[in-house]
Amino acid sequence: MRWQCGTRFRGLRPAVAPWTALLALGLPGWVLAVSATAAAVVPEQHASVAGQHPLDWLLTDRGPFHRAQEYADFMERYRQGFTTRYRIYREFARWKVNNLALERKDFFSLPLPLAPEFIRNIRLLGRRPNLQQVTENLIKKYGTHFLLSATLGGEESLTIFVDKQKLGRKTETTGGASIIGGSGNSTAVSLETLHQLAASYFIDRESTLRRLHHIQIATGAIKVTETRTGPLGCSNYDNLDSVSSVLVQSPENKVQLLGLQVLLPEYLRERFVAAALSYITCSSEGELVCKENDCWCKCSPTFPECNCPDADIQAMEDSLLQIQDSWATHNRQFEESEEFQALLKRLPDDRFLNSTAISQFWAMDTSLQHRYQQLGAGLKVLFKKTHRILRRLFNLCKRCHRQPRFRLPKERSLSYWWNRIQSLLYCGESTFPGTFLEQSHSCTCPYDQSSCQGPIPCALGEGPACAHCAPDNSTRCGSCNPGYVLAQGLCRPEVAESLENFLGLETDLQDLELKYLLQKQDSRIEVHSIFISNDMRLGSWFDPSWRKRMLLTLKSNKYKPGLVHVMLALSLQICLTKNSTLEPVMAIYVNPFGGSHSESWFMPVNEGSFPDWERTNVDAAAQCQNWTITLGNRWKTFFETVHVYLRSRIKSLDDSSNETIYYEPLEMTDPSKNLGYMKINTLQVFGYSLPFDPDAIRDLILQLDYPYTQGSQDSALLQLIELRDRVNQLSPPGKVRLDLFSCLLRHRLKLANNEVGRIQSSLRAFNSKLPNPVEYETGKLCS
């Protein structure tokens, strides 16, 4: 007699000592008759849902029915990926069968009618048999349980195993016939179609089976099994073992079994339970041992690997491999999806797309986002299933010599898909696309492909990157960003053209040369200028007390407007009468490019690191001295007019401290009390003159509004910025540079204030776009 995995029994507790319960037994049975019919359709979902694992006990534990044919069929289908079962069946008249012998014993206290051979085998065991003897003499002959009650009858059923992932795909039918009804060459099989076919099974069995087998062959999404078991007519059977199955399972009436140990003497019961559990759990290959909530088989020398169910382990490893294939299939289907392919077609091909650019297109595609979420949900289900199988697999293998090895599948990140898009765009010139490397802008091709790299457009960006790719060849750079110029296909920093046509600035003297020439007061470095003063004349003695301050002016550009001048030193030859106590004091103001006297800056003599006056005697009498202030290359500056304010002070010797003190002279009303006279023989400026073309600079400024050619405006701006910086470099010392360039535009080019402001704004805006822009604050000098 055979029974199915859904039967319940009594008399069995968890497999821990003391042994009080067993699992499965069949005995020769009874005669029965069947009639009447009943039909039902039962869908069963075998895929585990969240938080429920209805099949874990079947897959992990070797329960009492693991050898039942229905359980074996279920396991085979489950491992093949069929997650849902639809079953339509009908049963024939159920007959309730009870064990009258056991009832007579309980009611009438009569001895059980045990077979003489069974009694003889019990006696042969003796008082203390080992587990092997119990197994050989009792369990292998009579089983572990006997039947208390059951419902007998016949049954015929149709079972459809369904793989829902494959079911919805369109399937091309063969021979031009439709799967359902022959209405076309292509159809999609739905669950509703299967429901209709299953419902028509008992009405038109042959036609239904033919259509179902057609779907099974065409799609591979279903597996059809037809079973007809038990006595299907009103026939009598002398031996129920000749029938494949006559036990009918129903929710209201299950098969009831009782452990065989209740028929045995007290001294054999515990030993029988231990032997039965070892026989069932360890398949007679060892002895079941339970300790600290854990049970295992103590293997016999003949079967050292009894704790390793090879078939189950192999089945789980096969399931893991199938999950790996399903994982790869999910990713491949996502890559082949309409949403993913639509994004590829929508991407621009006139410029290179880095990962950041692709991520922006990805984020704006809502349909692709939804499809990507579907991919993540499907992979999450597979990941949970993988974890469940791995837990069961490691539980089964924890006492095996060989431990399983498996690499968990990993979900592909967004950065992987962005790189995959780059690979499809730029490395798809072969059958199988390669892998794009963004850092090197190259492709790694498959080993069997000599070349897979296609044309890679130029990269756009800021700074040295391209502004636009060439329209005739996107792999080449067509134009560059402001501040860069295209040279040999690359954007290189743009350098301003020479300023010699506008203002010559390349005549600097070396410090040693300059020092030597200034000491000699070489006429070659003297800047010709005109002396102007209303207070005195050169070479004439005057009374310095006549006025507190005298103005001496040197004007350089009165007749030569095509030059600008750079001052390197200023020298005065001052003579005093003998025994004079007067000391000259000079305040120097420099006007760089003309304008009013208020547009001059004060020279900070002997302040900070600025140089002081140097005095050298001209004659032995020491009546005349050369007063020289040397600016050198460090402090040189532009000048057009030099204003010298001359004052006098009285030099006296302090007897108490032996120090020289100075004080301002009082106004003398009596000429006879004169303190001495002063004479200035020479007032010279040493430096050099630079060629200056105001018309050329005006033309350069005009290009800001009316550029001659493409790029000439940028070139003009770059030259003006260079000119501005070179001019402002000669600004006098101070916390803030003076804006000498505005003075140059205002007074030498005669531009209006609004024009000067507009030019300065244009230069600042263009300079901010240049690579590594240098901005500095300037102070206003000219109005």
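Cβ atoms are placed via backbone N, Cα and C, with glycine included.
Feature annotations, reproduced from Swiss-Prot:
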type	residues	note
DOMAIN	85-281	domain 'MACPF'
CARBOHYD	N185	N-linked glycosylation site
CARBOHYD	N354	N-linked glycosylation site
CARBOHYD	N473	N-linked glycosylation site
CARBOHYD	N579	N-linked glycosylation site
CARBOHYD	N626	N-linked glycosylation site
CARBOHYD	N658	N-linked glycosylation site
SIGNAL	1-33	signal peptide
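Taking the glycosylation sites N354, N473, N579, N626 in turn and counting surrounding C-beta atoms within 10 angstroms, the largest count is reached at N626. In this structure, the C-alpha atom of N579 (N-linked glycosylation site) lies 18 angstrom from that of N626 (N-linked glycosylation site). In the three-state DSSP reading, N626 (N-linked glycosylation site) counts as strand. For the domain 'MACPF' (85-281), the mean pLDDT of the prediction comes to 74. Residue pair N473 (N-linked glycosylation site) / N354 (N-linked glycosylation site) shows a Cα separation of 19 Å.
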